[in-house]
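Novice: Take a look at this one; I'll ask things after.
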């Protein structure tokens, strides 16, 4: 019951709508995969996920939901997948849209298990194309990073990248525009990522929601500054932990 109340409070404070730009790039998909894997570091199936195998167990069910959500492909309002965006991602990567893509359309009950059941056959039937479309093959991912040197490289800490070349200013007079984005406190449009789960870093959902609320009347990279300062105020070690993890997200 407490978990339900917490969830309702969180949603009432921050809302459930978000609309990320599509297609997603290799940095954004890499963050999604690594973030969801890190949130379940003790899972027995973790090594299977690295190989893009999704066994039928409870941890994997929630890993699948996590990935869809962090790719911007799960609509929390109607509890369904954004099939149009999946198609857009395939098109952007010159990958043929799978014939069975409509099998994953329509609502779920929102549980990890139901989302897994809804999508696992589609995943298994198209895993190689999905890996290509979402940069899930190391060679393709590395090629993208090489071609996009304005993005934080793999193996580089967020602090090292963002403190160089005045990146923290965000093209304005901000202080944490770059870091707040790469810590994924905000998205590429400086909108707070309301579902960001920092519990394992000592930031509760209620605390994060209060940061989102504090940023409500800010504009542009001032939203990023507000989110950064608020999270740091709640737990000064949280962002340091993220920074130490950031060479591999």
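Heads up, the Cβ atoms here are built off N, Cα and C, so glycines get one too.
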Novice: If Swiss-Prot gives 63, 154 as binding thromboxane A2, which of 20, 31, 49 does it give for that site as well?
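Specialist: The candidate from 20, 31, 49 that Swiss-Prot ties to thromboxane A2 along with 63, 154 is 49.
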Novice: Determine which of 42, 136, 170, 171 appears in Swiss-Prot for the same leukotriene C4 site as 52, 154.
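Specialist: Checking 42, 136, 170, 171 against Swiss-Prot: the leukotriene C4 site match is 136.
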Novice: What binding-site residues in the list 49, 52, 136, 154 lie within 10 angstroms of residue 112 (disulfide bond), counting C-alpha atoms?
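Specialist: Candidates kept after distance check: none.
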Novice: Sort the binding-site residues 49, 52, 63, 154 by C-alpha distance from residue 174 (disulfide bond) and give me just the closest.
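Specialist: If we rank 49, 52, 63, 154 by Cα distance to residue 174 (disulfide bond), first place goes to 154.
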